[in-house]
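For reference, TrEMBL has these:
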DOMAIN    6-135  domain '1-deoxy-D-xylulose 5-phosphate reductoisomerase N-terminal'
BINDING   Thr12, Gly13, Ser14, Ile15, Asn127, Glu129, Gly218  NADPH binding site
BINDING   Lys128, Ser154, Glu155, Ser189, His212, Ser225, Asn230, Lys231, Glu234  1-deoxy-D-xylulose 5-phosphate binding site
DOMAIN    149-242  domain '1-deoxy-D-xylulose 5-phosphate reductoisomerase C-terminal'
BINDING   Asp153, Glu155, Glu234  Mn(2+) binding site
DOMAIN    274-389  domain 'DXP reductoisomerase C-terminal'
Amino acid sequence: MSKRHLCILGSTGSIGCSTLDVVRLHPDKFNVVSLAANASVDIIFKQCIEFKPQQVVLVSSEHAEQLSQKLKAAEVSSITVLSGNQALIAIAQCQSVDTVMAAIVGASGLLPTLAAVNAGKRVLLANKEALVMSGAIFMAAVEASGAQLLPIDSEHNAIFQCLPSQQQDKIGECQLIDNGISKILLTGSGGPFRTRPIETLAAVTPLEACNHPNWDMGRKISVDSATMMNKGLEFIEAKWLFNVEAEDIQVVLHPQSTIHSMVQYKDGSVIAQMGNPDMRTPIAHALSFPERIESGVAPLDFFNTPSFEFQAIDFVRYPNLKLAIDACKQGQAACTALNAANEIAVAAFLDEKINFTDIFKINETSVNKFVSQQVDNINEVMTLDKQVRVFAQALLVEFMPIQAVQQKGNN
């Protein structure tokens, strides 16, 4: 394959660091043109020294100045340091970039990811929230621009690998159900609380929620995995990526996280993608597609792999997953509202302001409030996102312990 020129949005996060791990193995195949992060100055400084990008973006000007000073002290003058959201959009559209890793977590990744799509880039989509928030609007932009969209989430990458090549070439356009496929089977581990007594879930701590049994992930996605909201967001993402209806997707509990997802065909065949739970595998696949390269991940050892288990979903234990599936059926406003409320609720839980089980209550109340709002373009998506965040933020007070409310008032 010809050398690919990369922009990595979210380079200091879990996906970004794993991407650079793969790139490090193949200096002849990849050139890092630009990096972007929120605030991790020390990490991105080390990345700059190693990968020597042309441009680096940090969201705040303060952090950008800190990085500039560190680079100056290291006598590195070849890197341009920028700041702000417009700079994120600019590097995603840059002509010297052909491949964009969209790994900014949450709603803040939508506009730069969409900018990469509109510029016709090869977009490696790790930011599922971008597609959850904007659905048909996002996919219409992919079709109009001719951008190539490749999924990074392990489940969607697995589904992609299980599809015929002609359908891989038309992701989001062709009707899978009309082309021999009867169902998408989306697997999920159930997170760290799969067997914990339901009546004790309110007492879950952020440390416990972030301790996933199989995957090494960032804090926000770890909490989403614990509530199975992550699987709910993936459910919505799968609808748009593979152009199917909610009824064509089934979530299957698979505690071992070895089978990453499956595709069921009309003739009774089921094709599954398997491997050790390591994000470098789907990242390497998407970086090099349609070729294959080393990822640094050990192959699956069938003789020392635990037996596979499959279970039905208990929606009493995982109400956030049911809420997301319902939102997928209700329409774009429900999905946009769900994502915004969940980001506020998870952040509050991680700050120990609300209980683990309050995340669902805030999400449900927010979706019910905004489900009927009209969302027809990206400006309306962003407006709704802001409205829901304000609403959910105000809602937190109802669930915060009295001491936290008093402290907030004093501040």
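Yeah, the Cβs are placed from backbone N, Cα and C, and that goes for glycine too.
Because TrEMBL annotations are produced automatically, they should be read as predictions rather than curated entries.
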Cα-Cα separation of Gly218 (NADPH binding site) and Glu155 (1-deoxy-D-xylulose 5-phosphate binding site), in Å? 17
Of all the binding-site residues given, Lys128, His212, which has the fewest Cβ neighbours within 10 Å once its own Cβ is left out? His212
Provide the number of Cβ atoms within 10 Å of the Cβ of Asn127 (NADPH binding site), excluding the reference atom itself. 28
Would you work out the biggest C-alpha to C-alpha distance among Lys128, Ser154, Glu155, Ser189, His212, Ser225, Asn230, Lys231, Glu234, the residues that bind 1-deoxy-D-xylulose 5-phosphate according to the record, and give it in angstrom as a whole number? 19
Here the Cα-Cα span from Gly13 (NADPH binding site) to Asp153 (Mn(2+) binding site), rounded to a whole number of angstrom, reaches 14
To which of the binding-site residues Thr12, Ser14, Asn230 does the lowest count of other Cβ atoms within 10 Å belong? Ser14
Check the domain '1-deoxy-D-xylulose 5-phosphate reductoisomerase N-terminal' (6-135) for me and report the mean pLDDT. 97
Number of helical, extended and coil residues in the domain 'DXP reductoisomerase C-terminal' (274-389), per DSSP: 68 helix, 2 strand, 46 coil
